[in-house]
Amino acid sequence: CSDTQSITKSTILQYYYYDYRADKRAHHNALERKRRDHIKDSFHSLRDSVPALQGEKVGGASRAQILDKATEYIQYMRRKNHTHQQDIDDLKRQNALLEQQVRALEKVKGTSQLQTNYSSSDSSLYTNPKGSAVSAFDGGSDSSSESEPEEPSTRKKQRVDSS
């Protein structure tokens with residue numbers, strides 16, 4: 001009876017060991033299949049993202065061709081981005097120069113108005129920026145009864161980022 005029990009125990013252990021190995025192998029195979037499917041889907045996604053390959057049928061381009069075309073497209077986009085960044089930098093420099101010119105012109109305009117006002121032949125009367133006569137002693141208020149409120153400046157200042 002002990003021989004039968006030892007054979008039975010041995011057989012059962014072998015069966016469980018075989019079953020364990022089969023489950024482990026099946027699990028490994030499933031993981032490997034999932035990994036391959038993910039790689040395949042990633043290549044399809046990459047193929048569909050590259051304009052030169054978008055019209056390709058499903059089995060049309062090899063993985064090597066997909067990688068080559070994707071590399072070419074990335075290099076093209078890098079060059080294009082670099083060119084656009086240079087354009088942005090040039091426009092920022094031009095904008096800064098134009099703003100500097102506007103400030104200089106506004107400063108010159110303010111200075112010339114002061115010179116015009118002080119060169120008046122009547123030392124007690126001056127003109128305001130609208131051209132109306134004002135007394136030097138009335139605090140610069142308009143002498144005319146038709147005083148109009150000054151319009152606010154419509155020019156907006158733009159912030160220039162140096163980044």
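Any Cβ shown, glycine's included, is placed from N, Cα and C.
Because the structure is a prediction, the values reported are computed rather than measured.
As a whole-number mean, the pLDDT of the coiled coil (74-108) in this prediction is 97. For 74-108, the entry in TrEMBL reads coiled coil.
Residues annotated as compositional bias 'Polar residues' in TrEMBL: 110-130.
Among the features that TrEMBL reports, domain 'BHLH' is placed at 23-77. With helix defined as DSSP H, G or I and strand as E or B, the domain 'BHLH' (23-77) counts 45 helix, 0 strand, 10 coil.
The feature region 'Disordered' is assigned by TrEMBL to 109-163.
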